[in-house]
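Trainee: Encoded as C-alpha cells, here's the structure I'll be asking about.
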Amino acid sequence: MTHRAYLAALVSEGSYSVRGGNRGEDCEATLRAVKELGVATNRADETVHLTGLAGLLKAPKEVLDVGNSGTAMRLLLGVLAGQPFTSTLSGDESLNRRPMARVTDPLALMGCSTKTTEGHAPVQVQGAKLQGIDYELPVASAQIKSALLFAGLQAEGTTRIRGGNRSRDHTERLFRAWGAKLEGGPNDLRILGPTCLRAQDFQVPADPSAAAFYGVAAAIVPGSEIQLHGVSQNPTRIRGLELLSEMGLHMSWTSSRTESWEPQADVLFQNGSLAPIMARGQAVVEAIDELPALAVAAAFAEGTSEFRDASELKVKESNRLLAVAENLRAIGGDVELLDDGWRIRGSGGEPLEGGIIQSHDDHRIAMAFLIAGLRTKRGVEVRGEPMIETSDPYFMSNLRTMMESAS
C-alpha cells in the first residue's frame, strides 16, 4: 500500500500526505525513486508529504536502483512506459534474478520499447505514447496488473486486464478513490486513459502479511497472546490470516473501520492447538507471501498438512519452495518437497530441535524461521543476509520482546 501511495504522486495532481507508511527498505527505495523522477517530498515523524507531478516526470540522470523491491520495479515499469524519455531500472542481485518479461511483454503491446537482460533486470525503458490493449494475465499477479493499470492510466483508449483471480486490489482502490475511470471487477478490469489522478491524504493500515508472522508466533508458543492495531482487513489480503484461523489460531478482530479507502481493525491473536491444513488453488494464490510462515505453523500442527499450487514461490526473492523445505529439515521438521508445494508432518505442538538455517537473502524466509526458533530446544541461527529491514524494520525488536515474554 505504501509503494502505491508514493508511486501515485507521479501520475496525480495536488499535494497529499501518507501517514503511517511502511518504513522498510523496499518502500524507502520507492520513495527515493519518485524523488529522482521529480516528486517533491518532506517527512515529518510518521508522515510523508508529497506533491504530485500530474504525469510530467523528470528524466532520471542515473539508473533507478530499487534495491530488493520487486513491487517498485514492476510498477515503475508501468509508469515509465508512458513517459517521453529513456530510463533504466535495476536492483540488487536477488531482484535482478527475478522475471521481468511478464511485465515488459504486455507493455510492448501498448507501444513501449524495453531491453531486458535475458528477461531480467536491469531493464531499459524507452517510453512512448501508449495505446490501450486487451490483455489476459498469464499468472495471478497484483504487480503485473498494477503495472498495466499505471500504464493504462497514461494510454489512449481503454486498457482491459482479464484474469487475476482476486489478487490484491490496493491499486484499484486507490485509483477509484482518486478519480480514475476504472470499471469492472477482479477478473475483468477496464481503465480509460489518459487520466490524471486527484491526490488525497492516505492513512496506511498495518500490513496483514507482516501480521501473519506474529500470528504464527502466537500459534506455536503455548499461552501466547499478541495484539496488533490498525491491521488491514482488505479481503484480498487476509487469506493467510484466515488459513491460520482455520488451523486453530484464535483470532479476534475489533474496532473495525475504514480510513481513507482501506478497511482496517485491531486484531488479537491467542494460542490454540493447531490442526493440519490442506491448502491449494485460489487460497494459495491469495496467501502466497504468507506461505513460509504457514509452513512453520504446519510444522507444529497435530497431523499432516499439504500446500499445493505454490510454484510461484520458486521465483520470489529466493526459491522459497526449496528454502522452506531445507530449513524445516535443518531444525528437525518433517517435510516432503513437492513439485508445487510441501507435505509437512507436524510435531503435535512439541518443540523442534532447532539449528542453523540459510536465509538465502530472503526476508520472509529469515522471519519465518526466526519465529520458528521461539519453539525450538536450542534456538535458530540465521546464516546469510536476513534482509528483514526490507519489509519490517521493527521485526527484530518485536522478536526480542516475544523472546523475553516466552522465557
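Quick reminder: no glycine exception, Cβ is built from N, Cα and C everywhere.
TrEMBL lists these features:
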DOMAIN    1-399  domain 'Enolpyruvate transferase'
BINDING   Arg4, Ser141, Gln143, Asp289, Lys316  3-phosphoshikimate binding site
BINDING   Gly70, Arg98, Gln143, Arg320, Arg364  phosphoenolpyruvate binding site
ACT_SITE  Asp289  active site, proton acceptor
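Quick one: where do these features end up spatially?
Mentor: Non-local neighbourhood of Arg4 (3-phosphoshikimate binding site): Leu75, Ser146, His170, Thr171, Leu174, each in the same chain, at least six residues away, with C-beta under 8 Å from its C-beta. Secondary structure at Arg4 (3-phosphoshikimate binding site), taken from DSSP and collapsed to helix, strand or coil, is helix.
Here Arg364 (phosphoenolpyruvate binding site) comes close to Asp289, Pro292, Ala293, Lys316, Glu317, Arg320, Ser391: these same-chain residues lie at least six apart in sequence, with C-beta atoms under 8 angstroms from its C-beta.
Asp289 (3-phosphoshikimate binding site) falls within a helix when secondary structure is assigned with DSSP.
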Trainee: Going by a 10 angstroms cut-off between Cβ atoms, which of the binding-site residues Gly70, Arg98, Ser141, Asp289, Lys316 has the sparsest surroundings?
Mentor: Arg98
Trainee: Check Arg98 (phosphoenolpyruvate binding site) against DSSP and tell me helix, strand or coil, would you?
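Mentor: For Arg98 (phosphoenolpyruvate binding site) - judged by DSSP and reduced to three states - the answer is coil.
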Trainee: Whole number in angstrom, please: the longest C-alpha to C-alpha distance across Arg4, Ser141, Gln143, Asp289, Lys316 for 3-phosphoshikimate.
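Mentor: This binding site's residues have a maximal Cα-Cα distance of 20 Å.
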Trainee: According to DSSP, folded down to helix, strand and coil, what is Arg364 (phosphoenolpyruvate binding site)?
Mentor: helix
Trainee: Let's check the environment of Arg320 (phosphoenolpyruvate binding site): how many other CB atoms sit within 10 Å of its CB?
Mentor: 24
Trainee: Tell me the Cα distance separating Arg98 (phosphoenolpyruvate binding site) from Gln143 (3-phosphoshikimate binding site), rounded to the nearest angstrom.
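Mentor: Counting only the Cα atoms, the answer is 13 Å.
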Trainee: Would you mind giving the whole-number mean pLDDT across the domain 'Enolpyruvate transferase' (1-399)?
Mentor: 96
